[in-house]
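Undergrad: Under the heading domain 'Cation/H+ exchanger transmembrane', TrEMBL lists 37-425. What TrEMBL lists as transmembrane segment is 104-125, 157-176, 188-208, 228-250, 266-285, 291-307, 319-337, 343-362, 374-391, 411-433.
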Amino acid sequence: MERTRTEVAKGAAIDDAEWSKVVDSVDVDLALLLVSVVAVVPLCKKLNVSPVLGFLGVGLLLNQEGVFSENREVDQFCELGIQFLLFEMGLELSVQRLKALGKYAFGLGLCQVVFGNLLFAAALLPPGEAFGTKVLEMVQSGRGVDDLLQIRSPLEAIVVGFGLTLSSSALGLQLLSDRGMMTTRLGTASLGVLLFQDLAVVPFIIALPVLQKMQSAGAGDGLDVGLMAAYTATSFLDLGVLSIGGWFVAKKLYEVITELECDDDVFVALSLLVLFGFSNASAAAGFSDSLGAFIAGLVLAGTPYAHDIIGKLRAFKGLFLSLFFVTIGTTIDVPLARDLFPIVTLMTAGLMAGKLATITALGPLTGLTWREALVAGAFLSQGGEFAFVIFGQATSGSGGALFPQNLDELLVVVVIVSMALTPLAVDAAMAIAGPTLDLSPCDASEDPNGSCDVAWEMAESYGQELPVVEGEESVLKSEATPAEFND
């Protein structure tokens, strides 16, 4: 059957009997995937473990059993998970939220991205003589290992550094919600950092093909700066046309179905059509389909329909997120992780310690106590889902690979391990912070910027039970509307 799938992927002609085997195999794999999704959530709740870690574990298990080894149909279905994830992240990145969380987004978030990137990139420079590379070689060296760890250019170091600087919105926000800390000051600060990271990703992904062309040109007859500037301008222009044109068409379509008072099914179908339309248009324009999905969310975030879109697609959120993380779990290269265990361990420790230290040092500059900054840093100490997109594009983009495939596989393992260790990092940080850590919920009446309102809204969307104090009674936030709660 594995041979048949390979033949199908290559476009080979097969008879009806073989086609039947392929279809049956795809059905079985999809069934296993959905059964896994259904089983993971209640099991993780029973064990008090984040479902994200459960999905990663399921993906790893299915990969070891060879379930998805040659099934491209299922792989393509699972890729919808990351597109939906980025679409939702774009929807949540509205101008209003950026304004409300401005102190943390453009203060702590901006500084974290800049200094974090500088920290990780500096550890990889200069090429061939980097301090970080020498430390890793001291831990483990051998044939093939030294070549794998060598950074070949400053551009490569910048891409790796930026990818590792990003945190996981899906995991970080879910952990904050699970622990009832989304509406605390450290939770609000974490929201601001994640929003800025999402914002910073867009120009970087657009510029990534330019960086690839720069490295390719630098290895040849020299770099044509004028050509690179022209290519960059053209890329931004193409994306601008796509965004403006897509916004106009989508807005008109939403207006029509709203005026006709169509059923929710039509509204959901249109939202998914916009998502996949942007993804395909972005891919046709030379960008990644994941960037198109994120841009679709950004475009719709500025419309009056954003809140309804988020609400009506909420039923799909868990399914697509689970598909994404299960898929990521299937990409774990277990033999690589086993063979390079000391290096993976040290790189993971360096990644998490570097991010935690950066946020702990910068947090007090934006009004957090060192205890709040420490715990916020622990929540954001892992690598993020955008790292998979950036590293994948850097190794397979049309402009030429910035670094080899085996380095991409190593970095993916490091990011996933950091995700798995995040809950432990949070527990350790809270133990160090001690009982004097301020975990009281923010008060909207004392927050003129509206950051508290955003925190309550995000907490509700992630299912956090929020007490509303009315006199001497306490009710759940899930029973009240945002307006009632803010009152």
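Each Cβ is built from the backbone N, Cα and C atoms, and glycine gets one as well.
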Undergrad: Does the transmembrane segment (319-337) reach the transmembrane segment (411-433) with at least 3 CB pairs under 8 A, where each pair is 6 or more residues apart?
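TA: The transmembrane segment (411-433) and the transmembrane segment (319-337): touching, yes.
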Undergrad: With an 8 Å cut-off on Cβ pairs and a sequence gap of 6 or more, do the transmembrane segment (291-307) and the transmembrane segment (343-362) reach 3 or more such pairs?
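TA: They do not touch: fewer than three Cβ pairs between the two stretches lie under 8 Å.
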Undergrad: Taking a Cβ cut-off under 8 Å, which residues six or more beyond the ends of the transmembrane segment (374-391) line up next to it in the same chain?
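TA: For the transmembrane segment (374-391), the far contacts come to 82, 85-86, 112, 159-160, 162-164, 166-172, 175-176, 186-187, 189-190, 193-194, 197-198, 201, 204-205, 208, 288, 290-291, 324, 328, 331, 351-353, 355-360, 363, 368, 408, 411-412, 414-416, 418-419, 421-422, 425-426, 428-430, 432-433, 437.
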